[in-house]
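*Asks:* Per TrEMBL, the features are:
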{"type": "TRANSMEM", "residues": "64-90", "note": "transmembrane segment"}
{"type": "DOMAIN", "residues": "64-536", "note": "domain 'Major facilitator superfamily (MFS) profile'"}
{"type": "TRANSMEM", "residues": "102-122", "note": "transmembrane segment"}
{"type": "TRANSMEM", "residues": "131-148", "note": "transmembrane segment"}
{"type": "TRANSMEM", "residues": "154-177", "note": "transmembrane segment"}
{"type": "TRANSMEM", "residues": "189-212", "note": "transmembrane segment"}
{"type": "TRANSMEM", "residues": "232-251", "note": "transmembrane segment"}
{"type": "TRANSMEM", "residues": "334-352", "note": "transmembrane segment"}
{"type": "TRANSMEM", "residues": "390-413", "note": "transmembrane segment"}
{"type": "TRANSMEM", "residues": "425-443", "note": "transmembrane segment"}
{"type": "TRANSMEM", "residues": "449-470", "note": "transmembrane segment"}
{"type": "TRANSMEM", "residues": "501-524", "note": "transmembrane segment"}
Amino acid sequence: MHPAADDQRRAEDSVGNGAATNKSAEIVIDPAQIGAQNGSAPPVQSHTYSEALAVVGQGRFHTLLLFITGLCLMSVVNETVNVGFIISAAECDLELSFSDKGILNGAGFMGVVVSSYVWGFLSDTWGRRRVLLLASSGALVTSVLSTFSPHVWVLIGARFLVGIFVSGNAATSYAYLAEFHGEASRAKVISWAAMFMSIGLILLPSLAWLIIPLDAQLDLRLFGMRYAMWRIYLLLCSLDLLLIIAGLLYLPESGKFLLTGGHREKVVQTLAKIYQLNRGKPAHTFPVKSITLDAIDSAYADEMQRRSKLGLRYLWQQTVPLFRVPLLCHTLKASVLMFGIFATSSGLFLWVPDILNTYVQHQDMKLCDVIALMHANKTAARSGDSVCPIAINANIFLITSAMGVVFLACYILNGFIINRVGKRTLLNGWFVVCGICGLAVLWTSDFYLTLILIAAFVSSGCLGGVLSAISVDLFPTNYRAMAMCLILMTGRFGAMAGSNIIAYLLTYNCNLIFILFGGSLLDARNDSELTYRRNLDIPIERS
């Protein structure tokens, strides 16, 4: 038969036989029913993942997601900084020296440093939710076990393991949160989640103020050992991990991760449930029936497949270019600056409660003179047979909590003015202010002025977010994630190193603490400017 006649016959048959089915197709919602009546499923309109998120909208699910991921980020602060609030109370029980305190303060940060690369890799291969569940569960178990440590080195090892596990929360939380948000709301919710870390710096000393001073009234025994209040404090600091685990058991896997893994039907089901929770409508009324990858998602999916095939070799391939020209300068400059910021802020902040516990008793002296007196008294006490002289002043925890409020205010202020004054100007301005405040501590003997200067000095930690915002623009897209992981890992190593450097200087020369770290912040102003300008001079091919 002639092809044209054959086509005409098929057209007439479709008109005659399909009139009724066309009418019914207009009222049938389920594509499967349409396919059953027509013999084949008609094409279903596809949406990109971003378009599907717009249909889902914002609601209760996203509020819960923000709360859980914010707690994940706060748990990183809780499990690495909380040790700083127990070293004075645990000094007698564990016979801590300045060196022991420095190593103990840095143990959690070291755990975060050595494992952050691996957790980032596992997050992209195993899934965001699974990694967060594993990390939070491991951190909870090891943190609880650490409260039974009979010796300082057992406690150091336990807190190191806590740092290894809680590092998974730091490496995965931002990605998990961001992948349920579109471009319009992503940056905003990430900023809100980051504020939970500042809230942690307020809650930690507040909890210590409530718990640790009770040691004089309560003498608890558990498993044949004295379960001091500083142990209960560590236990209570890990309760947020229970909330995280409970929340993650309810929340689904990242839709973006499922989509790039080829699980498109599961993505539709996941978003339909979120649609039901946000909109209050039945899940089957979710209008999106098919989700496809856009150009960016397709490239990301290809990258994930490559990463899965290469395994840990992928980390090597992504890291080596960061130490070659033209990226070498950016990597070194940004890493050195982040190291200095964390060493100054986190390194010193871990020692603030212990230092203030003596300083509140000698408020008319310079800070370093008080530290020298503190060291002399402890040395004399250990050389004799006297009872351990440590008494905890509850006011130090309120003072430290007030410093946490200052950090939170600085984060909020930076968010308001960063676009108005510019990232480079804001970073350089903070470097100068914090550096001058650190050096000024050496010349004041007024107690309250010293507290203000120390608070301003350690608030340099707020510069980490500003430096991260600048560093993102220094690297090509395909190396950006690994570069930021490396830079932040170097910063956390700086917190560990700073704590141990301060431990040494507290014993031998307190003045060098403020000269070294205050001067480094002033010098960092020049380094940050060179880093930013160098990026303008070297063209980098971006993918």
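Each residue, glycine too, has its Cβ placed from N, Cα and C.
How about a rundown of where these features are and what they're close to?
*Replies:* Model confidence over the domain 'Major facilitator superfamily (MFS) profile' (64-536) stands at 85, taken as the mean pLDDT rounded to a whole number.
The list of residues near the transmembrane segment (154-177) in space but at least 6 beyond its ends in sequence, with Cβ under 8 angstroms from a Cβ of it, reads 65-66, 69, 72-73, 75-76, 79-80, 83, 90, 94, 100, 103-104, 107-112, 114-116, 119-120, 122-123, 128-129, 131-132, 134-136, 138-139, 142-143, 145-146, 189-190, 193, 244, 254, 485.
Tertiary proximity for the transmembrane segment (232-251) is limited to same-chain residues at least six positions away from its ends with a CB under 8 Å from its CB atoms, namely 64-65, 67-68, 71-72, 74-75, 78-79, 82-83, 85-86, 89, 129, 132-133, 136-137, 139-140, 143-144, 146-147, 169, 204, 207-208, 211-212, 220.
Remote same-chain partners of the transmembrane segment (425-443), defined as residues 6 or more beyond its termini with a Cβ less than 8 Å from a stretch Cβ, comprise 344, 366-368, 414, 417-418, 450, 453-454, 456-457, 459-460, 462-463, 466-467, 470, 511, 514-515, 517-522, 524-525, 528-529.
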*Asks:* Six or more residues out from either end of the transmembrane segment (102-122), which same-chain residues have a Cβ under 8 Å from its Cβ atoms?
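*Replies:* Contacts of the transmembrane segment (102-122) (Cβ under 8 Å, skipping residues fewer than 6 from its ends): 76, 79-81, 83-84, 87, 96, 131, 135, 152, 155-157, 159-168, 170-172, 307, 312, 314-315, 346, 350-351, 481, 485, 488-489, 492-493, 495-497, 499-504.
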*Asks:* Is the transmembrane segment (390-413) in contact with the transmembrane segment (64-90), using three or more Cβ pairs under 8 angstroms as the rule and ignoring pairs under 6 apart in sequence?
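*Replies:* Counting Cβ pairs under 8 Å, at least 3, so yes.
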*Asks:* Is it the case that the transmembrane segment (189-212) and the transmembrane segment (390-413) have 3 or more CB pairs under 8 Å, with pairs at least 6 apart in sequence?
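*Replies:* Taking Cβ pairs at least 6 residues apart, the transmembrane segment (390-413) and the transmembrane segment (189-212) are in contact, with 3 or more under 8 Å.
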